[in-house]
Amino acid sequence: MTDSTLDRVVRPVDRGVRTIAGVLAVLAALAIVVLMLAICADVVVRTATGASLPGMVELAESSLVVAVYLAIAWGLVRGEHVVVTLLTDRLGHRASHVLAIVAGIVVVVLLAWATVATFERAAEATRVGEERFGLVRWPLWPLRWAIVVGFAVTLVVALVQLVDAVRGRLPHREEVQRDA
Amino acid sequence: MTPDAAVATAVVVVVLIAALAIRIPVAFALGGAGLVGLVMLRDAEYATSVLGAAPFTTTASFSLTIVPMFILMGMFAVRARIAEHVFAIANRVVRRLPGGLGVATVMACAGFSAVSGSSIGTAATMARLSVGEMRKAGYPASLATALVAVAGTLGVMIPPSTFLVLYAIMASQSVAQMLAAGIVPGLMSAAAYMAYIMLIGSRQVRTPETLEDAVADAATGAARPSLPWRGLVRVVILFAIVIGGMYSGIFTSTESAAIGAVAALAMLVLERRRDGGRAILVHLRGALTDAGSTTAMVFLIIVGSAILSAFFVVARVPDAITDAVTALSLPPMVTMALLLVCLIPLGMVLESLSILVITVPILLPIAEAFGFDAIWLGVLIVKLIEIGMVTPPVGINCFVVAGTTGERPETVFKGVAPLFGVDLVVTTVLFLAPALVLWLPSLVRQ
Amino acid sequence: SSGGGGSAAGDDAIELTLATSAIAGTPNAAAQDWFLDAVEEATDGSVTFDRTAPESICTAAEIVECLRDGRADVGVTIPDYTPQYFPTVSVVGIPFVGQNSAAITASLYDLHTQDEQAVALMERNGLHYVSAWPVGRLLLGTDAPVESIADLQGISARASGPVVQQVLSDAGMSITAVTASESYEAVERGVIDGVGGAIDFAVNYRIMELLPYWTDPGIGQYSTFGMWFSADAWERLSAEQQEAVTAVEEEFNEGAAVEAFNDQAATQCDAMLEATTVDDLTAWSEDATEEWIDQVGDSAREAWTTVAADFGLEDPDSLLDAYEASLDEHAELEYVDATSSCVEAFATR
Ligand code: NA
Ligand code: NA
């Protein structure tokens, strides 16, 4: 396959998956808002009535899971996951290139494994109707799917980055805007 | 430990170092190394079970909501320019004091620890609030980030701390005494970090010229810009709400983080009100996305570390270390010291709550047989696990600060090295003088 | 994962991995350890257990999952954490039904070995049922004396056990969702002013340091600790080993579990008796309890029936009937309740 035919496949996938990752990141941010509001609502109602607002603790907990896993793909797109660069900085271009490919393969394998493993777990949790039962009954199985979605989209991002690495392009590491 | 387990452990350590060396993200390196070990000792199916379960069990917990909420509070506070204002004031007030800003940062971490029960939460929040300001004032990145990573560990030592509560429950000790026991060691550690900055760390600070000019101007009484006192007022209000609400029983320490985030959001709106609704929305959105990605980054590392912990349990590494040390038949003090020092490497790679669960049932009976106090032991265990969280090459707090500030982990570790020494001195003092730990609890009713 | 165990172990020697959430030194750990010791002895060491530290390989809420996926072979935890698997055991949650721990333990064993629905449910879950024993009578800890439902009004409290939370709430208490590990600090600062739970919550979570008034309102047994083998681990045992383990199970469920539990619970009572912070440990008068029973009526039974049906029991009513018939049958089982004796001992403290 020539570079241009490969590009015809990879670039739309790249664009598509970045869009999806971006949308998921927005949902993750909303989950953080929900988390904040759920805890505050519980505190306000408890202060007023002495009793908890049923379901708020469960909602907060669920929001945390959603916030974490829907944001990991965007983190990879922006190159925000923490890496140690001590060794690779001192290597020549060629050696760095080879190591980047090896690292990319390892990340892809781990993400694929994580996607399959969490998928199996989600399917099982759905089948048995996993829930928590406190002040209210709260289904847990949908959260398992949020994890699967998070890993699956991250896997595609990692695959695109691997293809780019093989072709000698550096993975997209956009400068993170930090206006302190 | 079986020979199989010993071989697997060696392989896991090598894989971990190799994975980190070739730039595999830390979370994947930790988790991947753990999975390799699990496949070696059990099988692929077992490893898959751990991998399928860990992402859920390590995040679906109400007590962990404190981490994203404090991170969010920090993001709001930065955009409300609170940090900028407070550090501008601190800079003026403490400018004659060598390392004044660093001292202020450590004090802020200690104060924040009186609210937060989480080291990672404290480190992530304070990194966002103070590293940028210290950099502006000429602090090298290594010093600025290391200070926050190390002072962040005060989060679990100074109450509230679910960590100390959990230890008290596991060791059948009074919770009130256990929490009281953390105060003196926490403040001692904070004082030691401050002494380090004032005496040694401050030599690395290169005050930027503009600042030197301003200082010179101030000295001659010329063009003294008015200080943004409202920042200080707001930080006092923020702390009053969070600490006051918690200690007066309106909300728990876990909930205090969300309340703090809302209060900081109100400050943001107040500060930016003249810029219009659109500008406020831009800041709101920015703070939320930043909080989201930092949260994901932090928790992914925790998941990786949980998978590695699963391997350490299956391989019975803590039992093996304990057996090896006790087999030496050294005097009780030496045996205990060795066992405690072995917590540092465990603290490096493992999520701190899992080390507590794994090691307390092993260490406590030994300590009690030797006649050591269980509360004193608990404080030392917590202290050493916390040191492990900032020890190179894989201290989790350092990764969190690196991830939050965009600095490299190596930079953080470089700055941590001397503070690591400071921590060891503090720990040695606590080890040799149990009265420092036990005096305050003795005043608390049982 | 399996290695040669004891000296008398033969070719079929097997080591099973335990995943537990019973903290060492608690009555639940004592019951668990009695069973594990007895099995090792009865099988001459051909079945041994790798007793991992509490919650080290699996967290409390994850233990059943660990049995199902093979990370552990024997699990000990609170069934209420994963209610979808245990609609049968949850009958214990119905307040005022079941006061005698020994009879409850024996009846639950009968159900899970004889009742078609319960047996089928365990099969579906991929579990071999060993036992479930009550965690102790429900105690209310408060900062003012509570002697009847009128005194419950407006008390803000943390309680465990789903049905109990509803009953306490219906009686006028304000139930809050505070986690167990945060309960101490929540009571200390007044986020909540009471707790409902077994005596081990008072003692092991140290709430007795904070709340002076403790009372047994007569709700009785309200939640359980359960023990299971994974079906897979059970099938790995030889026929002889299964037979030996079954004999131990019978002895365990016919009284040994509750006896081991109560022996250890006595030390918790000592802690209550010695605590200078505890002003009173009492029980409600029969009239006061009767008033509450009348108020609850059939509502708690109906609530249980609905939930149990949702979790896959086809005919919850017949299971409840079988349970109550079995309770009557075992009512003669010799039984001294650890919590009730503690209340008596406290009166003469
Ligand atoms: Na704290
Ligand atoms: Na009952």
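Cβ from N, Cα, C; glycine included.
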Pick from B:27-52, B:53-78: which range has transmembrane segment per TrEMBL?
-> B:53-78
Surrounding residues of the transmembrane segment (B:334-363) on its own chain - C-beta under 8 Å, 6+ positions past either end = 16, 30, 58, 119, 156, 163, 166-167, 170-171, 302, 305-306, 308-309, 312-313, 317-319, 321-322, 325-326, 328, 370, 372, 377, 380-382, 384-389, 391, 393-396, 431
Model confidence over the domain 'TRAP C4-dicarboxylate transport system permease DctM subunit' (B:13-434), averaged pLDDT | 86
For the transmembrane segment (B:416-440), distant same-chain residues with Cβ under 8 A (at least six beyond the ends) = 146-147, 149-150, 180-181, 183-185, 188-189, 192-193, 195-196, 200-201, 337, 340, 373, 375-376, 379-380, 383-384, 387, 390-392, 395, 398
If you count Cβ pairs under 8 Å, which stretch among B:141-167, B:179-199, B:291-314, B:375-396 touches the transmembrane segment (B:237-270) the most?
-> B:141-167
